[in-house]
Amino acid sequence: MSIEKIFFFCDAPELAQLRLQDPSTTTMEGLLEFNKHLLFVITIIVMLVGWLLFATISNFDEFNSQESQSFFHSNALEIVWTSLPALTLLSLASPSFTLLYSMDEISTPEISVKVIGHQWFWSYEISDFDTMATCMDSDKTLKYTCYLLTEESISEKNYLGFFRLLETNKRVLLPSNTHLRLLVTSVDVLHSWTIPSFGVKVDACPGRLNQVNVFLKRIGMFFGQCSEICGVNHGFMPIALLVVPSIQYHYFVVSKLF
Ligand code: CUA
């Protein structure tokens with residue numbers, strides 16, 4: 001492979017990063033697209049309002065302008081400056097709601113991943129391969145308990161290229177191009193399971209199950225962090241996911257469980 005064909009996605013924070021991370025789901029693609037659209041509209045608004053402000057200040061000085069002394073009211077102007085923002089908001093509401101409700105869509109999932117927040121780590125369970133449908137303690141359930149990998153242990157083990165405060169002792173393996181259902185909950189306080197590249201931010205509430213659908217379009221190593229203040233170690237419960245092709249994932253499951 002020639003050097004120009006090697007392509008890296010941005011799935012982890014970079015130094016002095018300005019832009020968002022690269023999307024790996026259609027949800028995040030939609031969010032980025034909408035974000036760009038909004039930025040364009042905002043730019044137009046800022047330019048228009050800035051120009052109006054500047055023109056008003058320079059041309060309609062109270063004492064020096066003939067026009068400002070005779071100008072008190074304009075019906076036409078009022079209609080324009082009321083309807084123009086309203087129409088702008090309407091044009092933004094349509095794509096916004098479309099995106100919002102598309103995120104709520106639940107297609108038939110192939111794998112359900114239980115995501116459980118703890119003070120201060122995440123644990124995961126996948127029981128779809130438990131064909132006996134026994135209980136959670138069955139040995140056919142994939143379980144992960146993911147603690148932060150400290151800086152000391154990263155340098156101790158000489159893990160080159162590992163990210164500070166983003167790596168966990170176990171990486172959760174997930175298949176790409178598969179409809180996944182995430183069931184997010186907590187056993188103690190509120191946490192929030194967040195992966196920027198997925199466009200996912202789900203609250204983990206004790207006593208409740210929150211559901212979100214994820215379809216990962218590509219393989220990669222994805223990182224996230226807890227996004228709800230949950231105590232002293234809130235900043236030290238990262239999420240590290242390794243997404244592999246579904247065939248590879250199923251090889252892993254067979255070799256691990258059967
Ligand atoms: Cu868990 Cu913040």
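Including glycine, each Cβ sits where the backbone N, Cα and C put it.
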Quiz item: For which of the residue intervals 80-101, 212-233 does TrEMBL record transmembrane segment?
Solution: 80-101
Quiz item: What are the helix, strand and coil residue counts for the domain 'Cytochrome oxidase subunit II transmembrane region profile' (12-107) according to DSSP?
Solution: 69 helix, 0 strand, 27 coil
Practice problem: Could you give me the DSSP helix, strand and coil counts for the domain 'Cytochrome oxidase subunit II copper A binding' (108-255)? | Solution: 22 helix, 63 strand, 63 coil
